[in-house]
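K.L.:
Pasting in a structure now, in structure tokens, and then I'll have a few things to ask.
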Ligand SMILES: [Fe+2]
Ligand SMILES: [Fe+2]
């Protein structure tokens with residue numbers, strides 16, 4: 001099932017591209033056009049589509065506001081070095097109590113359902129290709145932005161209702177959901193979801209938001225642990241994608257550049273703007289979510305300050321930070337940070 005690019009409006013073609021030359025290019029698998037002027041993907045084209053029948057369009061074009069030059073990100077992304085991103089590891093925190101057990105069981109059930117829906121197996125990774133990974137990433141990221149927003153919202157309302165300080169948790173939680181939404185927007189620049197995926201996202205969000213809302217009211221600690229375990233899976237998934245690129249199993253992604261939205265957000269340095277580089281950044285973000293949520297689950301939910309926005313007496317000692325300077329994959333224990 002392929003659609004010829006002659007149906008694409010001229011405005012979405014890369015400058016210098018000839019509609020004539022691209023006439024035989026397949027929209028579903030751009031990177032293997034029959035006749036293509038350039039093997040590299042550019043931000044003007046979306047490389048994959050899960051909706052083969054619809055003409056490609058920009059999901060979020062720049063608004064038509066000549067008086068405004070640029071709208072900056074509300075939360076600038078911390079700078080990650082190449083060495084720090086390479087130091088990110090797959091990790092699992094032991095289940096230590098009943099709350100952990102509940103959280104881990106929920107993650108395993110969710111994981112099983114998602115694997116079934118996306119035909120994915122970590123151990124075999126059979127039949128996984130760029131398009132399937134992208135669909136999985138889009139679905140995962142659309143769900144991943146929910147917990148931080150729910151937790152931040154509930155803590156915000158709690159602080160106002162009880163007339164108490166929150167001690168810095170809200171900002172980190174909202175920033176996490178913002179970061180997850182950026183992941184989603186980045187992947188949407190690469191692939192457009194079809195109607196079935198949109199339906200799944202809608203259903204998942206409806207169910208997940210409400211489940212998270214009620215769960216957080218009952219046990220915020222269990223919810224943070226749940227997110228910590230979920231992010232362990234996210235780190236694993238992105239590690240597999242990076243390994244697959246390195247092993248030459250995802251040839252289309254090997255040739256692909258990161259979209260401009262990602263280059264701007266991460267301030268990706270020149271020469272490190274490939275799809276693999278992008279996945280390294282996203283994986284590093286997920287590792288930070290993993291650490292933050294495992295750490296928050298270790299703290300007193302009502303009285304402890306958020307160590308990720310706190311100043312420490314001795315800043316030369318390793319302590320929780322927003323960037324990757326001191327990585328603790330399974331989270332900081334309460335005794336390490338609150339004393
Ligand atoms: Fe994410
Ligand atoms: Fe995440």
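Glycine too: its Cβ is placed from the backbone N, Cα and C atoms.
Any TrEMBL annotation is an automated prediction that lacks curation.
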K.L.:
Would you identify which residue of 141, 246, 254, 313 TrEMBL lists as part of the Fe cation 1 site it also attributes to 180, 183, 286?
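P.N.:
Between 141, 246, 254, 313, TrEMBL records just one in the Fe cation 1 site with 180, 183, 286, namely 141.
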K.L.:
Of the candidates 130, 231, 232, which one does TrEMBL list alongside 180, 286, 289 as binding Fe cation 2?
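P.N.:
Candidate listed by TrEMBL for the same site: 231.
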K.L.:
For the feature region 'Disordered' as recorded in TrEMBL, pick the matching range from 88-129, 298-339.
P.N.:
298-339
K.L.:
Of the ranges 38-57, 58-77, 138-157, which one does TrEMBL list as transmembrane segment?
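P.N.:
It is 138-157 that TrEMBL describes as transmembrane segment.
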K.L.:
Return the members of 141, 183, 289 (the binding-site residues) with CB less than 6 angstroms from at least one atom of ligand 2, or none.
P.N.:
289
K.L.:
How would DSSP class residue 180 (Fe cation 1 binding site) in three states?
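P.N.:
Residue 180 (Fe cation 1 binding site) sits in a helix per DSSP.
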K.L.:
Could you round the CA separation between residue 183 (Fe cation 1 binding site) and residue 289 (Fe cation 2 binding site) to a whole angstrom and send it over?
P.N.:
13
K.L.:
Among 141, 180, 183, 231, 289, please name the binding-site residues whose Cβ is nearer than 6 Å to ligand 1.
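P.N.:
Within range of ligand 1: 141, 180, 183.
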K.L.:
With every protein chain in view, what's the tally of Cβ atoms within 10 Å of the Cβ of residue 141 (Fe cation 1 binding site), excluding that atom itself?
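P.N.:
Around the Cβ of residue 141 (Fe cation 1 binding site), 23 other Cβ atoms lie within 10 Å.
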K.L.:
Could you tell me how many residues in the compositional bias 'Basic and acidic residues' (311-339) are helical, how many are strand and how many are coil under DSSP?
P.N.:
4 helix, 0 strand, 25 coil
